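The following features are taken from TrEMBL:
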type     : residues : note
COMPBIAS : 1-10     : compositional bias 'Polar residues'
REGION   : 1-34     : region 'Disordered'
COMPBIAS : 20-33    : compositional bias 'Gly residues'
TRANSMEM : 48-69    : transmembrane segment
TRANSMEM : 81-100   : transmembrane segment
TRANSMEM : 107-123  : transmembrane segment
TRANSMEM : 129-153  : transmembrane segment
TRANSMEM : 160-181  : transmembrane segment
TRANSMEM : 201-223  : transmembrane segment
TRANSMEM : 256-274  : transmembrane segment
TRANSMEM : 286-304  : transmembrane segment
TRANSMEM : 311-331  : transmembrane segment
Amino acid sequence: MRPASTSTRTDAGAGTAVRGPGGAIAGAGGSPEGVGPRLRRILLRQDTALLLVLLIMVAFFTVMNPLFLSRPAFATILQDWAPVMLLAIGQTYVIMTAGIDLSVGSTLGLSGVTGALVIRALTEGGQPAAIAIAVGVVAALLVGAVVGVVNGLLITRVGLAPFIATLATMGAGAGMTLVVTRGVQIAGGPSEVIALGTTKFLGLVTVPLIVVFVVLAIAWVVMEQTQFGRWTQAIGSNGFASRGAGINVNRHLMKVYVLSGVTAALGGLFVYFRLGSGSPTSGLGFELQAIAAVVIGGTSLFGGSGRMSGTVLGALITTSVLSGLILIGVGPYWQQVVVGVLIAGAVGVQQLSSVRQSRGASRG
């Protein structure tokens, strides 16, 4: 058996690299690794690459319209980013299990109008605003949880593919939103709703936005530091092996889809507090933006890999692009087209990267 201090030699391009006892790599001449290779590794890191894309995009839109870097524009981007980020949190967990949740947009809309209806009814019944808002928030979250349970049951018990199951609940949720609202906006809540949703600290951060940051921090810790996060990744990598390892896959999938439903409901509440009313069309397009944020962030559509930091950057890129296009005069009707292109591009990059890795492994 060789001592631990013995150097290990590996081929490195045309020369030979030596890994010493401290783990440092030197070339054949014994000099430390150059700045170039280290810089290349840093630039190739996923989060670094996404950050560079974001900075380049910000520079482009700022050149096209200097107002892009103004405080009002930045505040608007944050407000647009928040509901997308909430949906993307749950979507990240779902996609990591090799699933997908197409119902998050309609869940956002249904939860938002449910909260609006409950708050208005209690306010008109003479209840204090604080109680009305608290009960409305709970009702909206319950709607999101119920949608998540239905999705989970369709997938784990009925055996439907996630795409089909959530497509069905997407349509049902959108229909229910129209039924309960009769196609009109739900207004008439207490003035505290608008105050809660629009009062800003430092001219940027609202109370609902603070809630988003708290939820994001919790989701980040759960993914990176807990068994729940590890099991989510394991199920996406190999569901059969996960079952063999003793993981209750069906129960875990139920939890993941309930999480997605609840975060979508939080998104609906955010939109409601921001606008001061519940709109039957408020959830349109949010599912695509959430999926785009997750995929751009590097979470594989095939499951098994993903990072919340990537999703954060993906959501920032998505919302910044959409806001930037409006600022430079591109009509809002092009937004869905742009989101579709972003998703296709991100998936294409993932596919090319996967093929490249497979070829590299076969050569090795």
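Every residue gets a Cβ built from N, Cα and C, even glycine.
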Would you call the transmembrane segment (48-69) and the transmembrane segment (256-274) in contact, using three or more Cβ pairs under 8 Å, pairs 6 or more apart in sequence?
no
Counting only residues 6 or more past its boundaries, what in the same chain has a CB within less than 8 Å of a CB in the transmembrane segment (311-331)?
47, 50-51, 53-54, 57-58, 60-61, 64-65, 67-68, 73, 76-77, 80-81, 84-85, 88-89, 92, 216, 289, 292-299, 338-339, 342, 346
So, taking each listed stretch (81-100, 107-123, 129-153, 160-181, 286-304) in turn and counting its Cβ pairs to the transmembrane segment (201-223) that are under 8 angstroms, which one gives the highest count?
81-100
Assess whether the transmembrane segment (81-100) lies in contact with the transmembrane segment (129-153), where contact requires at least three Cβ pairs under 8 Å among residues 6 or more apart in sequence.
no
Rank 129-153, 160-181, 286-304 by Cβ pairs under 8 Å to the transmembrane segment (107-123) and hand me the top one.
129-153
Residue list, the transmembrane segment (129-153) vs rest of chain: Cβ under 8 Å, 6 or more residues beyond ends.
101, 103, 107, 110-112, 114-116, 118-119, 122-123, 162, 165-166, 169, 173, 189-193, 196, 253-266, 268-269, 272
